[in-house]
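Colleague: Questions regarding the structure given below will be posed in turn.
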Amino acid sequence: MRNTVSTFQELKNKGEKITMLTAYDYSMAKLIDSSGINGILVGDSLGMVCLGYENTLSVTMEDMLHHTKAVVRGTSNALVVGDMPFMSYQTSIYDAVYNAGRFIKEAGAHAVKLEGGATVAEEIKAIVKAQIPVMGHIGLTPQSVNMFGGFKVQGKNEKVAKKLIEDAKILEEAGAFSIVLECIPEKLSKIISESISIPTIGIGAGKYCDGQILVYQDMLSMFSDFKPKFVKSFGNIGESIKDGVSQYIKEVKEVKFPEEKHAFKIDDDVINKLY
């Protein structure tokens, strides 16, 4: 049975942790979905881990729709959330609703995610009014990397911490069904999680969030450009891939692959007629 926004709320109410990962293509989505994950975020992080950009700012709506369609086709259990890219909702409320609608209508996503606190409250209200579930995102919001001066922990001083608590309450009031808390102190995320009734999903926000999310390339050691402090490696798939490719190259060079069992047969009398 497909997880829904109601599932997320039920899990929080029961005190059971919510599990999420990113996915960007059909085959990986199918693997992750079959593992029993609650939700999959098609993150604009694909700009960095799939497309090689320095940050997420260059990702377009077309990029996001293309990848979201693939992920939806690979799932039958997880709630699929489409990440609204930079400048797809900041320009106007109309654009926010229109582009959110494209994720649902064209890509088949079940919800969308927006970055920001009070500044995007009106956009969230309008999207929810259009019957589209919205996941909020506060703390380190990668689309604001130029304002932050880099990828840095947020909420370490009283002023910013209080602002994050207030933002979380505003997002709940605006109609968000959950909120991602990224790169904020663990004890602050505890206060936020206890201050609102909707689920919090942490990434670099400690154990007190109602759920956790990671970029799958990070948690499987497949992305070597950098490794955030908050990432734990749950499998060295990157090394396994390199080892497998190296072995493939070796066997092709030494004519050990393909073997007879990998080849298709043809009758000798047919072959003899070809000379």
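Placement of Cβ uses the backbone N, Cα and C atoms for every residue, glycine included.
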Colleague: Please pick, from Lys17, Lys105, Lys113, the residue that Swiss-Prot records in the 3-methyl-2-oxobutanoate site together with Asp44, Ser45, Asp83.
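Modeller: Among the candidates, Swiss-Prot records only Lys113 at this 3-methyl-2-oxobutanoate site.
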Colleague: Take the C-alpha atoms of Lys113 (3-methyl-2-oxobutanoate binding site) and Glu182 (active site, proton acceptor) and report the distance between them in angstrom, rounded.
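Modeller: Cα to Cα, Lys113 (3-methyl-2-oxobutanoate binding site) and Glu182 (active site, proton acceptor) are separated by 13 Å.
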Colleague: Please report the Cα separation of Glu115 (Mg(2+) binding site) and Ser45 (3-methyl-2-oxobutanoate binding site) in Å, rounded to an integer.
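Modeller: Spelling it out, the Cα of Glu115 (Mg(2+) binding site) and the Cα of Ser45 (3-methyl-2-oxobutanoate binding site) are 13 Å apart.
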Colleague: What is the interatomic distance between the Cα atoms of Ser45 (3-methyl-2-oxobutanoate binding site) and Glu182 (active site, proton acceptor), given in whole Å?
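Modeller: Between the alpha carbons of Ser45 (3-methyl-2-oxobutanoate binding site) and Glu182 (active site, proton acceptor) there are 13 Å.
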Colleague: Return only the integer: C-alpha distance in Å from Asp83 (3-methyl-2-oxobutanoate binding site) to Glu182 (active site, proton acceptor).
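Modeller: If we compare the Cα positions of Asp83 (3-methyl-2-oxobutanoate binding site) and Glu182 (active site, proton acceptor), the gap is 14 Å.
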Colleague: Which of the three DSSP-derived classes (helix, strand, coil) applies to Asp83 (3-methyl-2-oxobutanoate binding site)?
Modeller: strand
Colleague: For Asp44 (3-methyl-2-oxobutanoate binding site) and Glu182 (active site, proton acceptor), determine the Cα separation and express it in whole Å.
Modeller: 14
